[in-house]
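Student: Just passing along the structure, written as structure tokens.
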Amino acid sequence: MAHVSDLPCDGDGACMSCKATPPPEDRLHCRTCITPWHVACLTRKPETLASVADWDCPDCSPTVTAAAASGGAAVVSGGSSSGELITAIRAIEADETLSEAEKARRRQGLLGGGGGAVEEGDDDCASFRCSICIEILDRPVTMPCGHNFCLKCFEKWIKQGGHSCAKCRASIPPKMKCQPRINLALVAAVRMARSKSTPSGADPSKGYNFVHNQNRPDKAYTTERAKKAGKSNAASGKIFVTIAPDHFGPILAENDPVRNQGVLVGESWEDRLECRQWGAHLPHVAGIAGQSEYGAQSVSLSGGYEDDEDHGEWFLYTGSGGRDLSGNKRTNKEQSFDQKFEKLNEALRISCKKGYPVRVVRSHKEKRSSYAPESGVRYDGIYRIERCWRKAGTQGFKVCRYLFVRCDNEPAPWTSETHGDRPRPLPVISELKGATDVSERKERPAWDFDESENVWKWIKPPPLSRKPALTGNADASRSYKKSSRRKIPRGQSFVRERTREGGRTLRTQKNIMNCPTCQFDITEFLKNPQINRDLMSCIEQLQLQLKTTGDDATDDKLEEEVDIVEGDMETPPNACKRRKTLEQKGKMSEEKGDDSPSSPLEVVLNSDD
């Protein structure tokens, strides 16, 4: 064992003996356990510079204690057990047939008293522990050398000046220092190990859902014409879910006739076009799906604005607008004017005030986030907007900001937990001090946590959809695209003149006039409306048939009413009036030369029943 004064440095790099934080050149690392030690506080320092590379800390080497005052021989305390442990560790390190992951697992088993191997039944999660905090890996980050660390431990290690792996001293690539990525495959493995250790009587929530390639849907761009034009025509592909374009909340199994399971958290797609086919986020380019007077249904994190901050369970989102995208500037990322709470930004603010659930997808294009997928687009569940405000962005112009907090019944793809979210306190946002136009919800949200059922659900009825549901074919996709065009009131011209600031005239734009039933564009029809002669002849034939069958029914009705009136012995108050009505009808029929009333409609209107 180490001497009472020999203590290593803690996780923050401070010496546990003198409480000071020594510089890197005054720290010495043990070759066995890689633990940092303060050289000035060691009772047994390395004798030569060459012995530094083979130096063992007091915990990994037997300590020779002084003999008794009588001058007895030196006694090696703990030499037997410590020497066997060190010999076993060095034997593991010298075994070239073992991988680095297997060596780490066996070293962990030795230090835990398992004899060099972790028994599967004892601790299924023993091989999934962080080498820094010795806890179960939380949001694991895998080094190029194969060692795994928690995301927070790794970020703390980098802030302390660590440029190499904390376990094997392999160099860390610069890109990984700036942008560590969570190993989702390892997250699934940790979750499976935890589920094995769950008691049989427990009721764990749904686990992480990963969609393999063989279970993915058909591509939208399978036709030869679409292949020639590229993926630009893929928007007309099949929609696999039966939801309306303005559907709020998760996509359930009842809306998934193909797989009958709904869209699950963790599902990935190749690109935004394939994501659109499953309804998670319908726009292929825009980052916000919503309507300014109705609310926002989904957002996409794609790294479009520098002001975005992603912390997994919550993130700060920047609204749309503020850039000049006219002409050939469609990819312009420079902001030239302030954003306002209008259009899609207003849709997000309405969802904030009402507490509507918002679906969130993350794209691999978000290079600054550790929670973004390595490739493609991933559905990360339901979030709720808690606050929104405006503040000056990094480019000097005002931007609309939104605080999203996760509130889903399924666990996030990056966490090893087996249950969904629980209500959590809002994070402290420092930029709110200088913010303007701050909006907060003043009523209970429509989507909230039910303590009795322990689930997130609709507390208030969800908003009714104002658009027809997608039927799962290309025609429905095209009709949705047409119905989403701008509507104009009656009496306006068929084209709209457009001008820009400065007097430059733009091309005229066609005004869309939709059918009130099917939302089809009827602009060309309204220019020269024509009567449908075929339909008119069908209606006339039906009216003639109705009159023929109605005459026979009217004769029977008149005879029945006359029998009722004549058979009334007590002469009810309406009998006289009814008799007069029938006599008038008979006279009118005689004048017309017909024994029956003119039409069945007259019988219904003139009867007193």
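Including glycine, each Cβ sits where the backbone N, Cα and C put it.
As annotated in TrEMBL:
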COMPBIAS  479-489  compositional bias 'Basic residues'
COMPBIAS  495-504  compositional bias 'Basic and acidic residues'
COMPBIAS  581-595  compositional bias 'Basic and acidic residues'
DOMAIN    130-169  domain 'RING-type'
DOMAIN    258-406  domain 'YDG'
REGION    467-508  region 'Disordered'
REGION    565-609  region 'Disordered'
Student: If you average pLDDT over the domain 'RING-type' (130-169), what do you get?
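Tutor: Its mean pLDDT is 86.
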Student: By DSSP, how many residues in the domain 'RING-type' (130-169) are helix, how many strand, and how many coil?
Tutor: 9 helix, 8 strand, 23 coil
Student: In the domain 'YDG' (258-406), how many residues does DSSP call helix, how many strand, and how many coil?
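Tutor: Per DSSP, the residues of the domain 'YDG' (258-406) fall into 17 helix, 54 strand, 78 coil.
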